[in-house]
Amino acid sequence: MRLLEKAPAKINLALDVLYKRPDGYHEVEMVMTTVDLSDRIELSPLKENEIRIVSENRFVPNDERNLAYKAAKLLKDTYRINEGVEIYMEKYIPVAAGLAGGSSDAAATLRGLNRLWDLELSLDTLAELGSHIGSDVSFCVHGGTALATGRGENIQQLTPPPACWVVLAKPTVGVSTQTIYQQLDLNEAEHPNIPKMIEALDAEDYEGICANLGNVLEGVTTKLHPEVNQLKNHMKEFGADAVLMSGSGPTVFGLVQQESRAHRIYNGLRGFCEDVYVVRLLGDGTLLD
Ligand SMILES: C[C@](O)(CO)[C@H](O)COP(=O)(O)OP(=O)(O)OC[C@H]1O[C@@H](n2ccc(N)nc2=O)[C@H](O)[C@@H]1O
Ligand SMILES: Nc1ncnc2c1ncn2[C@@H]1O[C@H](COP(=O)(O)OP(=O)(O)OP(=O)(O)O)[C@@H](O)[C@H]1O
């Protein structure tokens with residue numbers, strides 16, 4: 001039996017950091033939502049009792065460093081599964097982009113193996129397991145739209161944003177999430193208003209969502225990579241309603257209601273940037289079913 005799972009990317013509509021914790025992680029409050037740009041994960045049983053990663057993307061490790069491998073290993077060890085699996089991944093989400101591609105692959109692997117191995121674990125249990133792999137994995141297990149707190153592993157579902165288009169553009173710079181968190185100065189940072197963002201979601205208020213986009217990490221990344229700010233400015237000039245960097249970057253996203261305008265922004269940006277996508281929000285998580 002061969003089993004398919006979609007692994008959608010996420011964007012952070014709002015990302016705040018409250019303080020640095022004694023364990024080195026940061027206490028966060030993030031409003032996250034999934035977008036329709038997904039990796040495709042195919043799980044097939046193996047005769048050998050091993051985990052095999054197959055990917056044609058040269059930026060993705062095909063060994064125990066792959067987050068999908070870690071997810072399979074964790075499930076195998078926790079539930080003493082003596083079965084092997086091949087995890088074939090077709091990557092569409094750009095790597096190291098701030099879009100949680102690896103985390104979503106891990107989450108899709110947890111959901112898929114739960115079915116393949118008839119474990120009957122709840123999404124909450126899978127999300128808890130996922131938190132041991134990375135801070136974004138718990139959100140990716142559930143998908144949809146959620147408030148993530150703690151170091152990102154406490155998930156509370158939120159009202160999804162109204163339908164709109166998202167233009168994603170990734171500058172060709174590498175960003176280390178760890179470095180960005182390390183260089184964050186909480187006294188200097190501009191903090192988003194998370195309760196206002198949640199209010200806007202509840203009220204299905206598109207303008208309110210646009211007005212309350214904010215990411216405390218954006219200033220750190222743009223200082224290191226000014227091209228992030230340049231892309232943001234281009235997106236605004238070409239007509240995005242609101243723009244923000246996702247996660248620790250470097251991907252920038254723009255929200256827009258009309259499809260024609262989304263394509264105009266796409267065409268304008270293609271001159272400056274190779275990695276540009278026009279996608280829909282998947283805020284209600286339907287494509288995960
Ligand atoms: C930037 C975001 O992607 C926003 O969604 C997440 O906060 C980061 O999620 P992630 O990449 O899954 O993060 P992890 O793999 O758990 O951690 C990578 C590194 O980021 C830093 N980190 C991450 C999450 C957090 N709440 N505080 C941190 O300080 C830590 O230095 C950690 O070593
Ligand atoms: N399945 C995977 N897909 C992509 N990268 C992976 C995967 N497994 C491990 N990695 C490693 O993780 C690193 C970060 O990749 P990823 O695409 O998840 O970053 P990201 O989108 O910035 O994540 P986040 O938004 O959660 O911080 C890559 O450099 C890669 O070496």
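Backbone N, Cα and C define each Cβ position, glycine as well.
TrEMBL labels come from automatic prediction, so no person has curated them.
For reference, TrEMBL has these:
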ACT_SITE  Lys10  active site
ACT_SITE  Asp136  active site
BINDING   Pro94, Val95, Ala96, Ala97, Gly98, Leu99, Ala100, Gly101, Gly102, Ser103, Ser104  ATP binding site
DOMAIN    66-144  domain 'GHMP kinase N-terminal'
DOMAIN    197-274  domain 'GHMP kinase C-terminal'
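Structure coloured by features recorded in TrEMBL.
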residue	record	Cβ within 10 Å
Lys10	active site	29
Pro94	ATP binding site	21
Ala96	ATP binding site	18
Gly98	ATP binding site	30
Ala100	ATP binding site	29
Gly102	ATP binding site	27
Ser104	ATP binding site	30
Asp136	active site	30
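If you measure from the Cα atom of Ala96 (ATP binding site) to that of Asp136 (active site), you get 13 Å. Selection of the recorded positions Pro94, Gly102, Asp136 by a Cβ distance under 6 Å from ligand 2 yields, in sequence order, Gly102, Asp136. Each of Ala9, Ile93 belongs to the same chain as Pro94, Val95, Ala96, Ala97, Gly98, Leu99, Ala100, Gly101, Gly102, Ser103, Ser104, is absent from that list, and has a C-beta within 8 angstroms of the C-beta centroid marking the ATP site. Only Asp136, in sequence order, out of the recorded positions Pro94, Gly102, Ser104, Asp136 have a CB under 6 Å from ligand 1. Following the DSSP three-state reduction, the secondary structure of Ala100 (ATP binding site) is coil.
Under DSSP, Lys10 (active site) is assigned to a strand (E or B) in the three-state scheme. For the pair Lys10 (active site) and Ala100 (ATP binding site), the C-alpha distance works out to 6 angstrom. Residue counts of the domain 'GHMP kinase C-terminal' (197-274) by helix, strand and coil are 41 helix, 11 strand, 26 coil (DSSP-based).
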